[in-house]
Amino acid sequence: MAEENANQNRGGFTTREALFYHETIRPGKLEIVATKPMTSQRDLSLAYSPGVAAPVEAIAADASLAARYTAKANLVAVISNGTAILGLGNLGALASKPVMEGKAVLFKRFADVDSIDIELDTEDPEAFINAVALMEPTFGGINLEDIKAPECFIIEAALRERMKIPVMHDDQHGTAIITAAGLLNACYLTDRKIEDVKVVVNGAGAAAIACTALIKAMGVRHENVIMCDRSGPITPGRDGVDQWKSAHAVATDATTLEEALKGADIFLGLSAAGALKPEWVAEMADKPIIFAMANPTPEIMPDEAKAVRPDAIIATGRSDFPNQVNNVLGFPFIFRGALDVQATTINEEMKVAAATAIAELARERVPEEVASAYGKNQKFGTDYIIPAPFDPRLIEVVSSAVAKAAMDSGVAKAPIADLDEYRHQLKSRLNPTTAVLTGVYNEAKANPKRMVFAEAEEEVVLRAAIQFRDFGYGTPILVGRTKAVMDKLHQLSVSDPGSFEIQNSADSEYVPAMVDYLYKRLQRRGYTERDVRRMVNQERNVFAALLVALGHGDGLISGVTRTYAQTVREVNLVLDKKPDALPFGIHMMIGKNHTTFLADTTINERPNSEELAYIAKETAAVARRMGHEPRVAFLSYSTFGNPSGQWLSNIRDAVAILDRDGCDFEYEGEMAPDAALNPRVMSLYPFSRLSAPANVLIMPGLQSANLSAKLLRELGSNTTIGPMLIGMEKPVQIVPMTAAAPDVLTLAVLSSAGVVG
Ligand SMILES: NC(=O)C1=CN([C@@H]2O[C@H](COP(=O)(O)OP(=O)(O)OC[C@H]3O[C@@H](n4cnc5c(N)ncnc54)[C@H](OP(=O)(O)O)[C@@H]3O)[C@@H](O)[C@H]2O)C=CC1
Ligand SMILES: CC(=O)C(=O)O
Ligand SMILES: [Mg+2]
């Protein structure tokens, strides 16, 4: 690779970096992961011979059981012959593999659809059709990709006819759905009526023809669309025009793309890099809408278009510019919905439902995860006409709309009875935290509290506070300098900043009472009134805790500007622990199939047996409040005395205390983590009182607890929530200094729902 090629800028990275990405870790972007254990002779017998005969016979007797006993129902093939790889042209089946692997990964990442790429080395439609049709037993759906027109039309129509599973050529229909959604919103933003817009489509291939058909079905008038191919506008009777292009022929005086664009409202580019010149854009109507969707290089770069038409709305197919109009927003979610109802096809109703759902979603407030991922505030407008691919709402909203449309139009073999429950499952599918925390969120909403956000000048905290209010969890009280907080609220495009309660120690009416209260509390602990006044005025944790102590707020959240220990110290100046309580910390680890609670991860360095027993009981209670039947393991390096050691008696005594107290949950110890968590190791100890792997792990000391929590956060694949502080007289939560807004929000909600505290 010549050095200048290696360093070619490809939009924020070089050719070398893109190649390294594909080469490193292991070549390519995909691997297959088994869903069942395969570690013992028994596993082998079950998975393969003789066990596998059971599902074989069942499926032979009833084909529908393939959905139950195999991966078929959630498996989609991404199939290409490489004749139209993005906008790079016909580079052959093998060269298309990186794109197809990529699409397979996107299926998994965005919609938990298992997917595999298949590249077929043929340009003969008949051979292609036969090869794909024969694969019907393997897959739940077929996503055709990057097959050029007009062969793609013949191939897709034949396969839809022959196969009883959904077949969709993504470059046609996936693209059309997203384009329609984007155009609806762009027209809305520029006050255009869909039936009046004048559109020039550049390109007359797979994507262009399908997009044009769909926007016409949604109201754009046939005579208002001029479609151009490499030879210019397609007019009735023009030579060399096939049946698919001629369906969009219109009479026009324009003989070139340039002429066609004069006065046009919309340019829809599904052609090739650089096909649109800035000087032609200059001739378009006011507030022109420019969708330059060729990949990887658009028909015109956004800055070139903006330079001549600052009033334009511009979209491309790329992730590195605003308004990514790309079928990645569609195909994962469309297939998710289709698979979930076992749709026999993807019909027009399902496509229109998807387009409408995506368009409507863009008009709603953008969630924090998206704002964090994109590093800026996104709000419906000319630079945000369509949701971003990382928007976690897409799966819920688009897939459920598609599933419903499939049911309503009679193509669902397995209709869903409870669509609300289905939406909930969709949400949880990618984010197990959602499933675990939904009950807590609902509890918070049912009984909204006033939560003091002690560090409201910090953006992560402010974002969390805004969501706390907007999602109806309660009322945030923002502690900070009034102007600094107001400026940040404006920067975050909050429409009603004046409606937030801001508490500023410089002018709060509560200060005299606070000083009075705190002085009484601290005067015999070495503090003068002047010390106290200074702390109230200058220490935001002290001021915030006083708001709670004096009843102006129900709970407190802090931690991003001070270390954990310092924040605890400042809060303790004002608030006590609960009588007879031992404050401690819990980390919650949420994995795909299990949730585990770890304690004490923050406060007590060497808990004695009474303290360990207390921590176990309280952590079990938190687990239960969060809907998990607790199974407590007291962890150690030793399992039931082996190896022996001098640190074990504490743990044994803690178990004896639970025996004495007659607890209503399972507990056991001392045990090493494998004896607590791994069923095979557990089976070596048939006398153990744990009926299943433990989900509450009581650690022997702060060192091991804190290290484990942090190691799991850094090295494990689980989502970590916490530390959650237990045992304070008022709900107080202290987040890590590295917390992002969703972490702050989660702890605020857990606290306000009374689940922890
Ligand atoms: N953003 C997105 O989500 C998507 C973008 N695309 C992009 O759309 C483009 C076309 O893809 P696809 O439809 O699958 O490919 P096809 O091969 O089916 O179609 C290509 C079309 O583009 C036309 N074309 C090529 N160069 C020019 C040019 N300079 N001026 C006018 N027309 C031109 C061809 O004209 P002719 O018929 O005369 O050969 C043909 O009609 C690609 O760049 C692709 O990356 C596609 C799908 C999704
Ligand atoms: C995005 C896509 O599918 C394409 O450019 O072909
Ligand atoms: Mg494509």
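Residue numbering: from 1, along the chain as shown.
For all residues, glycine too, the Cβ spot is worked out from N, Cα and C.
Copied over from TrEMBL:
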| type | residues | note |
| --- | --- | --- |
| ACT_SITE | Lys103 | active site, proton acceptor |
| BINDING | Ile85, Leu86, Gly87, Leu88, Gly89, Asn90, Leu91, Gly92 | NADP(+) binding site |
| BINDING | Glu145, Asp146, Asp171, Asn295 | divalent metal cation binding site |
| DOMAIN | 27-160 | domain 'Malic enzyme N-terminal' |
| DOMAIN | 172-407 | domain 'Malic enzyme NAD-binding' |
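Among the recorded positions Ile85, Leu86, Gly87, Asn90, Lys103, Asp171, the residues whose Cβ sits under 6 Å from any atom of ligand 1 are Leu86, Gly87, Asp171.
The residue listed as 'active site, proton acceptor' sits 9 Å from Glu145 (divalent metal cation binding site), taking the C-alpha atoms as the reference points. Within 10 Å of the C-beta of Asp171 (divalent metal cation binding site) we count 28 further C-beta atoms, all protein chains included. Across the range of the domain 'Malic enzyme N-terminal' (27-160), the DSSP-based residue counts are 63 helix, 18 strand, 53 coil. The shortest Cα-Cα distance from Asn90 (NADP(+) binding site) to any of the binding-site residues (Glu145, Asp146, Asp171, Asn295) is found for Asp146. Shown in sequence order, Gly82, Thr83, Ala84, Ala95, Ser96, Asp146 are the same-chain residues outside Ile85, Leu86, Gly87, Leu88, Gly89, Asn90, Leu91, Gly92 whose Cβ sits within 8 Å of the Cβ centre of the NADP(+) site.
Under 6 Å, Cβ to nearest atom of ligand 3: this is the test, and of the binding-site residues Asn90, Glu145, Asp171 it is passed by Glu145, Asp171. Per-site Cβ counts within 10 Å over the binding-site residues Gly87, Gly89, Gly92 peak at Gly87. With respect to ligand 2, the binding-site residues Leu86, Gly89, Asn90, Gly92, Asp171, Asn295 contribute Leu86, Asp171, Asn295 as residues with a C-beta closer than 6 angstroms to one of its atoms, given in sequence order. The binding-site residues in question are Glu145, Asp146, and the one with the fewest Cβ neighbours inside 10 Å is Asp146. Ranked by CA distance from Ile85 (NADP(+) binding site), the binding-site residues Glu145, Asp146, Asp171, Asn295 have Asp146 at the top as the closest. If you draw a 10 Å sphere around the CB of Asn90 (NADP(+) binding site), it holds 15 other CB atoms from the protein chains shown. In sequence order, Asp146 are the binding-site residues from Glu145, Asp146, Asp171 with a C-alpha within 10 Å of the C-alpha of Gly87 (NADP(+) binding site). Taking all protein chains in view, 18 other C-beta atoms sit within 10 angstroms of the C-beta of Leu88 (NADP(+) binding site). The separation of Leu86 (NADP(+) binding site) from Asp146 (divalent metal cation binding site), Cα to Cα, is 6 Å.
Nearest by CA distance to Asp171 (divalent metal cation binding site), out of the binding-site residues Leu86, Leu91, Gly92, is Leu86.
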